[in-house]
Amino acid sequence: MTSRDQPRPKGPPKSTSPCPGISNSESSPTLNYQGILNRLKQFPRFSPHFAAELESIYYSLHKIQQDVAEHHKQIGNVLQIVESCSQLQGFQSEEVSPAEPASPGTPQQVKDKTLQESSFEDIMATRSSDWLRRPLGEDNQPETQLFWDKEPWFWHDTLTEQLWRIFAGVHDEKAKPRDRQQAPGLGQESKAPGSCDPGTDPCPEDASTPRPPEASSSPPEGSQDRNTSWGVVQEPPGRASRFLQSISWDPEDFEDAWKRPDALPGQSKRLAVPCKLEKMRILAHGELVLATAISSFTRHVFTCGRRGIKVWSLTGQVAEDRFPESHLPIQTPGAFLRTCLLSSNSRSLLTGGYNLASVSVWDLAAPSLHVKEQLPCAGLNCQALDANLDANLAFASFTSGVVRIWDLRDQSVVRDLKGYPDGVKSIVVKGYNIWTGGPDACLRCWDQRTIMKPLEYQFKSQIMSLSHSPQEDWVLLGMANGQQWLQSTSGSQRHMVGQKDSVILSVKFSPFGQWWASVGMDDFLGVYSMPAGTKVFEVPEMSPVTCCDVSSNNRLVVTGSGEHASVYQITY
């Protein structure tokens, strides 16, 4: 309904659109808006405040329209770049081959062409094509460096960022063969001449120092095996990023079962077993990892090899770490390490091995790492270590069959336990009892308060590893035949709790004793629950797993496999 007396707008719109609010020209939205506003101002009750609100809404909508137009423009640029790079791959067969002589005018034309005369797409296409055609042997030339920045100028929204990552992923796939040719470094410190391993194995050169392939002092077979193992350890750049994230130290960050709405009323973290292990870090130790230890208090991992201990920080964000925070090398010529032990308070690290005059106690609480105590063991080769900080005692088992006890306050020898003809391979201490196992398949229990002979429990296979339950009266045995046994510490009761397919090399109870980790020659990290030893799940590794450890906060597991260690984060 209209009225002839109703005033009309001063100026009608110059153009109209079949759809309201949509126009082909940039000036039309302004005229439409002004016309509508002038109509509204003719009403006597039209508030100036309402006019200001409409003005603000209009400019906001206009800004959104400009952003959408800019967004479409950026997507068009990215698609043009991808299309140009795809076309260049089809033209490579028409280019001049290295064996054919190029015309004299061709290099001159490339030389005379400047960056000012080239568009952004031409520069991207030229460098990308040159990088894709370059042989692997020319990686040392400056032109092989990737041409894009970490944050290109057109990263303004999520969609464009994802498109750019898809485009960059094409180059990551092409770069895989080139990356695998690079030799990984073993650390920041070079090894001393006296730190070589005894026996027939020659001293390997420091891999962190560049050298030609023919200059290697190791035999061809050894170098081939070492390169092969590194190729297995290294993951392609595209796959390593799936666990490229920081390790969580905040309990609120975990989606554990007892926090879920469907959790049972009595469910508690002390009764839970892991439901998932997520690989968070690979630590490239550089030689066979013989023992590992992890501290959630200091947030460090300790990896033990024949030539020394390497200390790794867990606070960074890197998928594969090649550079340890510290390196504790062997200084005695002809000696090598065999094992290490982190004290329960994470303030000390005990190390022992072969041809060493003592077991070293490293001070982890000092500003700089140093040996604060030497526990004498001249002429003995250490196999395993344990400690009781409440009683200030340290324990070690040796290949000669001796178990030695030291007083940590004055480093004196308290007692030597003898009677193992085939040596002692593993040792655990719980209360006043010392449990030992070895190649003779006999589990022995010594009481520190008496001088009586130990209790003996005979098994049918060699005892490779021991671990005591922190909450119950059980000792866990890992056997050479793949069996796992629980032996009661208060009686003769025992039962088998699962079996692996090959030799078990290490077992470790969790801090609450509700599950344990088991590793061995089957290339798997297995998680088993108490008390029946039900297998919860297994995590595959690339090679036999020699050792494992569980952090005191019940959140991390570290394993040693080949020349590297893996750090897993636990979700319950």
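Any Cβ shown, glycine's included, is placed from N, Cα and C.
Annotated features in Swiss-Prot:
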- 1-30: region 'Disordered' (REGION)
- 14-30: compositional bias 'Polar residues' (COMPBIAS)
- 92-121: region 'Disordered' (REGION)
- 174-236: region 'Disordered' (REGION)
- 284-322: repeat 'WD 1' (REPEAT)
- 332-372: repeat 'WD 2' (REPEAT)
- 377-416: repeat 'WD 3' (REPEAT)
- 419-456: repeat 'WD 4' (REPEAT)
- 458-497: repeat 'WD 5' (REPEAT)
- 540-571: repeat 'WD 7' (REPEAT)
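Put simply, of 332-372, 377-416, 540-571, the stretch with the most CB pairs closer than 8 A to the repeat 'WD 1' (284-322) is 540-571. Within the same chain, residues 425-430, 433, 435-443, 445, 503-509, 511-513, 516, 518, 520, 522, 528, 530-533 sit at least 6 positions outside the repeat 'WD 5' (458-497) and bring their C-beta atoms closer than 8 Å to a C-beta of that stretch. Here the repeat 'WD 4' (419-456) has long-range neighbours at 383-388, 393, 395-403, 405, 462-468, 475, 477, 487, 489, meaning same-chain residues at least 6 beyond its ends whose C-beta is under 8 angstroms from one of its own. Here the repeat 'WD 7' (540-571) has long-range neighbours at 226, 229-230, 232-233, 247-248, 254-256, 269, 274-297, 301, 303, 312, 314, 342, 344, 346, 505-512, 517-525, meaning same-chain residues at least 6 beyond its ends whose C-beta is under 8 angstroms from one of its own. Secondary structure of the repeat 'WD 1' (284-322) per DSSP (helix as H, G, I; strand as E, B; remaining residues coil): 0 helix, 20 strand, 19 coil. A mean pLDDT of 92 is what the model gives for the repeat 'WD 1' (284-322). For the repeat 'WD 3' (377-416), residue counts in helix, strand and coil come to 0 helix, 23 strand, 17 coil, using DSSP.
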